[in-house]
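Undergrad: There's a structure below that I have some questions on.
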């Protein structure tokens with residue numbers, strides 16, 4: 001027997017021995033490998049922990065509907081503007097027609113676009129909620145995303161509801177050109193009208209939150225929350241380094257870096273997010289049951305409360 005025949009025979013024996021193992025039925029996706037620490041986790045346990053690795057705390061991405069299930073009390077979610085769907089006004093084509101790309105993502109995600117909006121209860125407290133989905137064209141903000149968020153904010157303003165937006169986006173959608181960019185000002189205007197009614201707005205920045213979303217409604221909150229180690233910024237890291245010709249810090253454009261420099265108010269792990277949001281919304285209620293001492297006495301006029309602040313701009317303050 002030649003050396004070649006010997007190797008061929010042994011290869012056939014090896015394949016025969018491995019065949020029963022290959023035929024063994026193993027549930028697809030039974031285990032999940034952490035992208036950060038490489039730990040293997042039973043997928044069911046990972047989902048029960050809201051897709052957060054128990055070994056290192058790495059936050060895996062979650063879809064918009066899963067995020068709603070994590071935050072909203074069961075049976076209280078009412079989706080709004082679900083029938084608003086994108087079109088292709090510019091007849092845009094890159095490697096594929098924009099209209100075809102939209103159909104592919106709609107079939108893949110079972111979403112009409114990169115955000116879902118609605119109302120519900122969070123620990124019994126009503127709110128208006130928008131959740132962006134990075135799985136739909138990178139969570140890019142097109143005209144429909146802008147319209148749905150704008151409608152949600154306007155609904156919250158009319159109904160006196162706090163608004164929470166969970167951001168996950170690569171920025172404005174290039175396939176819609178200026179129609180995409182104008183959503184930045186459109187949503188910002190709606191949020192300003194919401195603010196004048198003294199209503200609460202909280203954006204939650206997840207990985208990633210970049211581009212035009214960061215440059216508009218993601219940074220306009222009364223309180224700005226972020227998930228741990230989320231990438232948050234406007235331009236990409238390499239673009240900034242090449243423009244400035246400087247090496248950026250390793251933690252640049254992370255939620256921890258932004259917290260250190262005052263751009264976000266708190267970093268909240270996903271497993272604590274629902275409780276934290278409920279506490280913030282509860283404390284903002286005009287009549288909070290556990291803080292009666294903070295309510296104004298009946299004889300105190302609300303306008304009088306601000307007089308000492310106004311007086312600081314007069315010369316009498318310095319006499």
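Using the three backbone atoms N, Cα and C, a Cβ is placed for every residue, glycine included.
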Undergrad: From the ranges 11-33, 34-56, pick the one that Swiss-Prot records as zinc finger.
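TA: Result: 34-56 is the stretch Swiss-Prot calls zinc finger.
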Undergrad: What else in the chain is close to the zinc finger (34-56), if you only count residues 6 or more beyond its ends and a Cβ gap under 8 Å?
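TA: Sequence-remote neighbours of the zinc finger (34-56) are 62, 66, 70, 269-271.
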Undergrad: Per DSSP, what is the residue count of the zinc finger (34-56) in each of helix, strand and coil?
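TA: Across the zinc finger (34-56), DSSP assigns the residues as follows: 6 helix, 4 strand, 13 coil.
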Undergrad: Averaged over the whole of the domain 'CoA carboxyltransferase N-terminal' (30-299), what is the pLDDT?
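TA: Across the residues of the domain 'CoA carboxyltransferase N-terminal' (30-299) the model's pLDDT averages 94 on the 0 to 100 scale.
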Undergrad: Within 8 Å of the Cβ centre of 34, 37, 53, 56, which other residues of the chain have their Cβ, at the recorded Zn(2+) site?
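TA: Along the chain, the qualifying residues are 35, 36, 38, 39, 41, 54, 55, 57, 58.
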